[in-house]
Amino acid sequence: MVRPFVSVVIPCRNEEKFIGRCLDSIVANDYPKDRLEILIVNGASTDKTREIVEGYSKKYPFIKLLENPKITTPISMNIGVKNAKGDIIMITGAHSTYNPDYISKSVRYLEDYGADNVGGALVTKPAVGTYSARAIALALSSFFGTGGASFRVGGGLPAQAGKPRWVDTAFGGCFRKEVFRKIGYFNENLTRSQDMEFSIRLHKAGGKILFAPDISTTYYPKTTFGSFFKHNIKDGIWAILPMKYGAPPFKLRHLVSLFFVLGLIVPLIISIWLPPFYWLTAAVLALYLAVSLYFSASISLKEKNILLLPFLVIAFAVRHFAYGIGSIIGLARLVFRI
């Protein structure tokens with residue numbers, strides 16, 4: 001039986017540290033190479049990403065380099081989709097690596113379940129061995145750090161466990177090409193969260209999204225607290241801004257950090273006129289610190305390294321405060337249209 005032709009789309013910008021290992025993992029997949037193309041869409045990288053990809057394209061004829069002078073991710077995704085030859089289109093990230101059966105399993109689930117999109121579990125690992133990088137990866141693998149997102153290992157079902165099930169959204173994506181003909185492309189106004197907005201449109205059109213926990217991707221997050229803070233500020237902003245296009249956050253977990261930061265700031269401001277409100281801020285902060293210490297200690301003990309504890313406390317704080325601050329900025333931009 002002839003396998004479906006698959007187009008793997010990889011939007012990227014300044015990924016010289018990761019694009020090589022990403023491409024190596026996809027090339028190593030067990031899917032027939034004569035039924036596969038890999039489209040890397042370069043968003044005007046200023047590092048050596050383009051040169052690295054050109055080297056791969058010379059070695060592997062099924063790897064092609066496309067350019068996106070407008071830089072942003074959704075535009076890169078749409079360039080890839082529009083240039084794809086495959087009946088099945090996979091959207092992947094350059095900051096990740098993929099198991100050898102990632103493509104074949106995704107295609108099989110898409111066909112066997114009649115799904116319109118299939119995604120799998122996300123295993124988060126540190127890109128380097130520093131304590132800050134390890135703490136960030138562990139925080140993003142925990143319930144306290146993610147709010148229980150089902151696709152994250154540690155946050156919901158672990159990899160290789162559980163049965164496939166229908167969900168609101170999934171990490172990455174393995175789509176039937178007709179989905180894009182039916183509901184259009186990714187919203188190019190959304191620098192982030194374009195996948196969430198696309199999933200909402202897909203559901204409204206009667207489409208089905210399948211989560212298959214035995215499909216595994218390894219993701220390498222930021223390695224320093226400074227870069228992690230900036231990343232979560234942007235995530236917080238774009239958790240709110242999609243509402244401008246009728247796409248609210250899927251779950252309450254997307255708003256928890258917003259309420260948390262407001263719970264600190266609002267009583268603190270009121271305490272200027274009513275001093276007792278200061279204690280409300282102190283109480284919220286004390287409760288947060290207690291919960292953070294509990295999760296940080298539990299993870300440190302599980303990892304058998306108590307030295308991780310203070311780094312985990314910082315990682316959780318950066319995650320929650322930055323995401324909450326970003327959400328407030330996003331809310332302000334939404335309300336005041338700035």
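Each residue, glycine too, has its Cβ placed from N, Cα and C.
Here TrEMBL flags 7-137, 174-293 as domain 'Glycosyltransferase 2-like'. Residues annotated as transmembrane segment in TrEMBL: 252-270, 276-295, 307-336.
Beyond the transmembrane segment (276-295), the same-chain residues lying 6 or more positions past its ends with a Cβ under 8 Å from any Cβ of the stretch are 142-144, 260, 263-264, 267-268, 270, 309, 312-313, 316-317, 320. Sequence-distant contacts of the transmembrane segment (307-336) (same chain, at least 6 residues past either end, Cβ-Cβ under 8 Å): 131-132, 134-136, 138-140, 144-145, 225, 228-241, 243-244, 255, 257-262, 288-289, 292-293, 295-297, 299-300. Summarised by DSSP class, the composition of the domain 'Glycosyltransferase 2-like' (7-137) is 53 helix, 33 strand, 45 coil. Within the domain 'Glycosyltransferase 2-like' (174-293), the DSSP-based counts of helix, strand and coil residues read 76 helix, 14 strand, 30 coil.
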